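**Q** Okay, so TrEMBL annotates it like this:
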{"type": "TRANSMEM", "residues": "65-83", "note": "transmembrane segment"}
{"type": "TRANSMEM", "residues": "118-136", "note": "transmembrane segment"}
{"type": "TRANSMEM", "residues": "148-165", "note": "transmembrane segment"}
{"type": "TRANSMEM", "residues": "171-193", "note": "transmembrane segment"}
{"type": "TRANSMEM", "residues": "205-226", "note": "transmembrane segment"}
{"type": "TRANSMEM", "residues": "238-256", "note": "transmembrane segment"}
Amino acid sequence: MRTLMRNISSYYRFLNNDLADPRTNSFSLVSNPIPLALILYLYHKFVRSWGPAFMAKREPFQLKNVIVVYNIVQIVLSAYLTIQCLSRLYMSGYYSLWCQKIIYEDTPLERVVVNHVWLYYIIKIIDLLDTVFFVLRKKFNQVSFLHVYHHLGMCVLGFIGTKYVPGGHGIMLGFINSIVHAVMYSYYLVSIMRPQWVRQWWKKYITQLQILQFVILILHFGHVLFEPSCEYPKWVSFLFLPHNIFILFLFSDFYIKEYITKKNKAKAK
C-alpha cells in the first residue's frame, strides 16, 4: 500500500510539476488542478441539481443590470485579447499561422503572451456564469448538454494549455474564440438593452460563426499532425481535436434542428 501511495505521489508530482511550464505553473488556478476541479464540480451540481431545485418555487430573478455589466466586461476582455493577438503576434509576423512552436525565451513579449494565455483561461472560468444566469432566470431549456459540456471542456482545455503549453500554435484557439465571443456578447448586450433592434436571423448567423470557429480550429490543430517539421507538441492536437470535432458535431446538430428542420416543418404546415 505504501509503495502504491508513493508511486501515485511520484506520478502526480511528475504531471503537476515536472511536465508543467515553469513560467505559468505558479499562477493562480494553475499550480494545482484541485481548485478548478472543485469549481467545475460545484458548477455542474448547481446547474443540473441545486439550482433548479432552489428555483422550483421561486420567480425568475431579474438580473438585467448584472447581465448588462457582465456582457460589457466580456466584450471588453474578448476585444482586448483579439487586438493583442492580432497586433503583437500575427500582424507583426512574430507568430506563424501555419506552424508556431512555443517560444520559451524570457522576453517582455513572451511574458505578455503567457500572461494573456492565463487571462484567457480565467475568462473561460468566468464564462460559467452564463449558465448560472440561465438557472437563476429559469431559462432551463438553455442549460443543454451542448452548453454545459462546452463550458466544462473549455475550462479543462484552458487549464491544460496554460499549465503545459502556454503560447505557440494553440494561441489560435484563444484568438478565434475571443473574436466569436466579442460578437456573441455584443448580440446578448443588444438583445437585453434594445430588444426591438434584434433581428431573428442574427442568432442564426452567430451559430454559423461558432460552427466556422470549430472548423478552423480542427484544420489548425489537425494539419500539425501531418507536418513532421512542425515543432509544436503533437499531443496537444491529439487532445484538442476530439473535443473540437465533438463540439462541431453538437453545434451542427443544434443548427440543423433549430434552423433547418423547424423551418421545413413550418413550411409543411
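Cβ atoms are placed via backbone N, Cα and C, with glycine included.
From a predicted model like this one, the values you see are computed outputs, not experimental measurements.
Tell me what's around each of these sites.
**A** Here the transmembrane segment (118-136) has Cβ contacts under 8 Å with residues 24, 27, 29-30, 36, 39, 43, 46-47, 51-52, 55, 60-61, 63, 66-67, 70, 73-74, 77-78, 81, 142-143, 147-148, 151, 154-155, 158-159, 161-162, 166, 174, 177-178 of the same chain, all six or more residues outside its ends.
Listed as Cβ neighbours of the transmembrane segment (148-165) (distance under 8 Å, sequence separation of 6 or more from its ends, same chain) are residues 19-21, 24-25, 27, 29-30, 33, 36, 39-40, 43-44, 47-48, 102, 117-118, 120-121, 124-125, 127-128, 130-131, 173-174, 177, 233, 236, 239-240, 243, 247, 250.
Long-range neighbours of the transmembrane segment (171-193) within the same chain, counting only residues 6 or more positions beyond its ends whose Cβ lies under 8 Å from a Cβ of the stretch, are 64, 67-68, 71-72, 74-75, 78-79, 81-82, 85-86, 89-90, 95, 97, 100, 113, 116-117, 120, 154, 157, 161, 202-203, 206, 209-210, 213, 216-217, 220, 240.
For the transmembrane segment (238-256), the list of distant contacts is 144-146, 149-150, 153, 157, 160, 170, 173, 207-208, 210-211, 214-215, 217-218, 221-222, 225: same-chain residues at least six beyond its ends, Cβ to Cβ under 8 Å.
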**Q** Sort out the residues at least 6 away from either end of the transmembrane segment (65-83), same chain, that have Cβ-Cβ distances under 8 Å to it, and list them.
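**A** Those are 116, 119-120, 123, 126-127, 129, 133, 174-175, 178-179, 181-182, 185-186, 188-189, 192-193, in sequence order.
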